[in-house]
Amino acid sequence: MSELKSAPSAQTWTHRWTFVLAAAGSAIGLGNLWKFPYMTGMNGGGAFVITYLFCIVIVGVPIMMAEAALGRHGRHSPINSMRELARGSDASRAWGLVGWMGALSGFLILSFYSVIAGWGIAYTVDMASGVFQGMTVEQVGASFDALTASPVKVTIWHTVFMVLTGLVIARGIHKGLENSVRVMMPALFVLLLLLLGYSIVESGHFMEGVHFLFAFNPEDLSWDAVLSALGHSFFTLSLGMGAIMAYGAYMPKKASIARTVGSVVVLDTAIALIAGLAIFPLVFANGMEPDAGPGLLFVTLTSAFANLPGGMLFGSLFFLLVCLAALSSSISMVEPVVAWMTERFNVGRTGATTAYCAVVWLFGMGSVLSFNEWSGEEYQVFGMTFFEVVDFITANITLPLGGLLIAVFAGWVIKRSYIYKELNLSNAQFNLWRALCRVIAPACVLVIFFANLLG
Ligand code: PHE
Ligand code: NA
């Protein structure tokens, strides 16, 4: 035992993987499995996907590296790290505001994330009890509509998910969750591959799905779709709100940020693409519309499981994994805020978590009602429901804006030598990273913002 403990290489190895697991746990979630497919469907397919991949590489990777480096250098909650690191610049307080905006993003995202994860719990339970067995697509679709039409049912599951999130945070059992991520992620991968196999063999529309996902028709590319793709690249990588910065604070000095970020991004992107490749052939095979919206994942995959041998078992396992993936993401939205609350006020973790989660839960009721009582036009703003407004504000405004400011901060404000040491790259690589952070990533975000305002 003690021999193992004192072996330095073993220790470094564990630490490096702890950060990868925590960051991958944050990144991989409903964004990949639920949001990516339905956004792709609503934005016309290939053009959206290609733009999203472009944003991941040009904007997402350098900003994730910046967040991890700033977090590791600052070693506090994001709000305090940014303020500390900016000390001496005239705008120290202003940079603290970036942390605040991040906390706001986390608050807003969690409020609806918990509602959708609640649907996931409902599906895990229903799947395990066999209610879907032998159902047609129409019946599965009708039962999805029945679930979301019931504020009571959805509220119950929304509550359950929020309580679970709070329990993990309050009891500081991240370690336990990280270990389960280690098992969960490969299991999720295997089940997605199984679904992909089912799609290839049984749907008879696999190539149609591939074509829909990857065919680039420039005429599909409105500025609106480009903004959605940019926003989704922030959402899916958990960027622009301090989650990665908060985890970076626990990253050991020796671990390579570039390699770590590389693994997380590859995993996240692979899961999203496999989910898309499994789902769209089923959409076409069943004569569904790709732009069906937020129900897409639930209806297509549930009808596949309903007709698959062993579908009850695999289906409930799949939705259970979706819920766990959502949980490891939701705790990363809460952690930066709770860390800050305990630094700033004289409160313990339990008190801070309870108070915070209660307020987020209440706000989340707006999203619960968006699919039933408040779905009517009289409750909409700019033609969007409450849920759609919250989703739009976070993914398309506050996350990209937060990411833009973090990039500017890492590229222009903080001393070059600090970041240089943290990133530990060759000179050429460092200069490339710096050019991306200083000019290219901010320019991409600004151009897309202004094109949308004008267009
Ligand atoms: N990246 C997560 C997902 O894809 C969502 C998330 C966004 C998590 C922002 C943390 C912060 O599901
Ligand atoms: Na993701």
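Glycine is no exception: its Cβ is also placed from the backbone N, Cα and C atoms.
What TrEMBL records for 16-34 (among others) is transmembrane segment.
If you look up TrEMBL, you'll see 46-70 (among others) marked as transmembrane segment.
Summarising the annotation, TrEMBL assigns transmembrane segment to 91-116 (among others).
TrEMBL lists 154-171 (among others) with the feature transmembrane segment.
Under the heading transmembrane segment, TrEMBL lists 183-201 (among others).
Residues or ranges marked as transmembrane segment in TrEMBL: 221-249 (among others).
According to TrEMBL, the feature transmembrane segment maps to 261-284 (among others). If one looks beyond the transmembrane segment (261-284) by at least 6 residues along the same chain, the residues whose Cβ comes under 8 Å of a Cβ in the stretch are 20, 23-24, 27-28, 31-33, 36-37, 40-41, 49, 53, 56, 60-61, 64-65, 68, 185, 188-189, 192-193, 195-196, 198-200, 203-206, 208-210, 212-213, 236-237, 290, 292, 296-297, 300-301, 303-304.
Residues 25, 28-30, 32-34, 113, 116-117, 120-121, 123-125, 127-128, 130, 132-135, 140, 161, 164-165, 168, 177, 180-181, 184, 187-188, 191, 194-195, 198-199, 202, 282 of the same chain, all 6+ positions outside the transmembrane segment (304-327), place their C-beta atoms under 8 angstroms from a C-beta of that stretch. Residues or ranges marked as transmembrane segment by TrEMBL: 304-327 (among others).
Look at TrEMBL and you will find 347-372 (among others) tagged as transmembrane segment.
Under the heading transmembrane segment, TrEMBL lists 392-414 (among others).
According to TrEMBL, the feature transmembrane segment maps to 435-454 (among others).
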Could you tell me whether the transmembrane segment (91-116) and the transmembrane segment (392-414) are in contact, taking contact to mean 3+ Cβ pairs under 8 Å with a sequence separation of 6 or more?
yes
Looking at the stretches 46-70, 154-171, 183-201, 221-249, 435-454, which one shares the most CB pairs under 8 Å with the transmembrane segment (347-372)?
154-171
Of the listed stretches 16-34, 154-171, 183-201, 221-249, 435-454, the one with the highest count of C-beta pairs below 8 angstroms to the transmembrane segment (46-70) is 221-249
Cβ pairs under 8 Å between the transmembrane segment (91-116) and the transmembrane segment (183-201), at least three
no
Which of 16-34, 154-171, 183-201, 435-454 shares the most C-beta pairs under 8 angstroms with the transmembrane segment (221-249)?
16-34
Report, as numbers and ranges, every residue of the chain located at least six residues beyond the transmembrane segment (154-171) whose Cβ falls under 8 Å of a Cβ in that stretch; write 'none' if there are none.
110, 114-115, 117-119, 121-122, 147-148, 177, 323, 326-327, 330-331, 334-335, 338, 349-350, 353-354, 357, 360-361, 364-365, 368, 371-372
Quickly jot the same-chain residues contacting the transmembrane segment (16-34) by Cβ under 8 Å, restricted to those at least six beyond its ends, or write none.
68, 113, 116-117, 120, 174, 177-178, 181-182, 185, 188, 232, 235-238, 243-244, 247-248, 250-252, 254-255, 260-261, 263-265, 267-268, 271-272, 275, 294, 296-298, 322, 325-326, 328-330, 332
